[in-house]
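**Student:** First the structure, then my questions, so here it is.
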Amino acid sequence: MHPIRRQRLQIVTLIFLLSACAAGLVIYVLGQNANFFFTPSQILAGEYRSGSTIRVGGMVVEGSVSRPNENLQTQFTLTDGKTSLDIVYEGILPDLFAENEAAIATGVMSVSNKLIASQVLAKHDENYTPPELTETMDFIRYSDYKVQ
């Protein structure tokens with residue numbers, strides 16, 4: 001093989017390997033930071049990785065919001081229209097957090113099947129709904145579903 005051809009082949013091979021490494025690194029980092037959205041039904045069915053941080057979305061059940069002590073701890077229940085999940089959060093809730101509205105809680109499941117939330121997100125205006133919650137919210141609002 002001619003020396004110039006060999007040099008070109010080496011350069012092309014090096015560029016290919018560096019590109020493959022960069023793509024692999026990007027995929028690895030994105031996979032590490034993926035924070036999937038689950039419904040309460042999926043959580044109670046065990047469709048999450050135990051011990052990992054998870055996001056749970058649903059509607060805040062009417063009458064479920066309580067503040068048992070004088071501190072910032074709040075307990076509430078999220079539902080997806082089929083099942084409900086208790087959430088425990090210590091911190092200041094978003095201004096738009098309300099009963100019968102969509103909320104997403106990020107946290108870790110406890111052994112008592114409660115989500116210990118580190119973050120709670122609420123709708124940011126009356127027209128926004130996370131795509132994952134649209135169908136669930138419509139089902140709950142327009143049906144006779146009641147959490148027992």
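Going from the start of the chain as shown, residues are counted 1 onward.
Quick reminder: no glycine exception, Cβ is built from N, Cα and C everywhere.
Pulled these features from TrEMBL for this protein:
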- 1-8: topological domain 'Cytoplasmic' (TOPO_DOM)
- 12-31: transmembrane segment (TRANSMEM)
- 30-148: topological domain 'Extracellular' (TOPO_DOM)
- His124, Tyr128: heme binding site (BINDING)
**Student:** Please give the sequence-distant neighbours of the topological domain 'Cytoplasmic' (1-8): residues at least 6 beyond its ends with Cβ less than 8 Å from one of its Cβ atoms.
**Tutor:** none
**Student:** For a three-state summary based on DSSP, what are the helix, strand and coil counts in the topological domain 'Cytoplasmic' (1-8)?
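**Tutor:** So the topological domain 'Cytoplasmic' (1-8) is made up of 6 helix, 0 strand, 2 coil.
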**Student:** Could you pull the average pLDDT for the topological domain 'Cytoplasmic' (1-8)?
**Tutor:** 88
